[in-house]
Amino acid sequence: MPSSIICMQLSVFFFMLIMGTNATLGFGFGWVSGGGGGSGEGYAPLSPDFYDLSCPQANDIVISVLEKAIAQDPRMAASLLRLHFHDCFVQGCDASVLLDDSPTIASEKRAKPNANSVRGFEVIDEIKVALEEACPGVVSCADILTLAARGSTVLSGGPYWEVALGRRDSRTASINLANVMIPAPTFNVQRLLASFKQQGLDETELVALSGAHTIGMARCASFKNRLYNQNGNNQPDETLEKAFLNELGSVCPASGGDNNLSPLDYASPKAFDNTYFKLILGGRGLLFSDETLVAGNGFPNIVELVKAYAEDEALFFSHFADSMVKMGNISPLMGSNGEVRQNCRRVNNY
Ligand code: HEM
């Protein structure tokens, strides 16, 4: 960054400090130079050095809380990675998914893809408390979700990527958008791609990001129809490999057990690797939305990508990292839009 811009940022910072405004602390120095993009027209785009002056220890704090949380509960890495996805697909990466119900908020946590399913909110709270202690009012909840998603991936053995920061937090949430914009496990490849395209993501990003299912678990409710009644004819999904179908049947009975869990990648559920792609090529993908990637159905590029990632883990890692950056850049609030919440569960001065 040119020194003239740094000087300008510093002088504005000290001016705001003298004026005694809290808002200054939330700006994190990333907002003066031109550029724009996203919803903060006229402000600097997201930048990896956004907190370099205002909270240089931000990532270290995130990682230290994550290390503890994941050591206690290895699934937490998967849950936090998923939270970032469910945040970004609903009115952009603005931490709207973290807001609890209140007189002005209908929480996205109650939407069908989230209810009784998304988790990790206590860990985000813990990170926020630690950050508020170290640098009050500076690091947004939306950036915490971004850093937690990367940290969780790395701590599970997956790739590292540089994250751009400076997202601000929404003062709104949308349960309706959460119901509509987050793709369902019953979607076929065509619908999955349409859903990703709505967010500006392409075929490569769909396949690479689906590889997040290399870690974590799903409830029987999310794949039970595949075992007992895929097409309304009381028959299992014929793309399910038979031995795998039998194993799943012992976890998910025909009636009840909807909250029983099965790993998305049973071969290595805690390791971020490319096994997921090998499994779906063998009919051992857990969700219909996983298995549909190899169905063909007019999407030969998608099948080729699955094969390429199954053969070449480094290629998967590199595409996953690029795709996470792109997903993390969906419609961020920047500059004077939104706010830096003090508590990720509620808007300031509600
Ligand atoms: C392609 C469309 C996608 C669909 C249809 C989908 C659907 C699902 C479903 C149904 C579950 C299980 C939820 C439950 O039963 O409680 C799940 C879990 C998970 N999803 Fe996805 N997902 C998709 C894409 C993604 C993306 C893009 C990411 C992240 C980049 C992701 C990360 C995860 C993770 C890590 C888990 C395990 C969470 C845990 O164990 O707590 N998913 N997904």
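We count from 1, first residue shown onward.
Every residue, even glycine, has its Cβ placed from backbone N, Cα and C.
Binding of Ca(2+) 2 is annotated in TrEMBL for Thr214, Asp273; the matching candidate from Asp202, Asp265 at the same site is Asp265.
Of the cysteines listed (Cys220, Cys344), TrEMBL assigns Cys220 as the disulfide partner of Cys252. Note on proximity: of the recorded positions Cys135, Thr214, Cys220, Asp265, the one nearest Ser96 (Ca(2+) 1 binding site) is Cys135, by Cα distance.
Within 8 Å of the Cβ centroid of the Ca(2+) 2 site, not counting the listed residues Thr214, Asp265, Asp273, the chain contributes Gly211, His213, Ile215, Ala267, Ser268, Pro269, Ala271, Phe272, Asn274, Thr275, Tyr276. The Cβ centroid of Asp87, Val90, Gly92, Asp94, Ser96, Glu108 marks the Ca(2+) 1 site; residues of that chain outside this set whose Cβ lies within 8 Å of it are His86, Cys88, Phe89, Gln91, Cys93, Ala95, Val97, Ser170, Ala173, Ser174, Leu177, Ala178, given in sequence order. DSSP classifies Arg82 (site 'Transition state stabilizer') as helix under the three-state reduction. For the binding-site residues listed here (Asp87, Asp94, Glu108, Asp265, Asp273), the lowest count of other CB atoms within 10 A around the CB belongs to Asp273.
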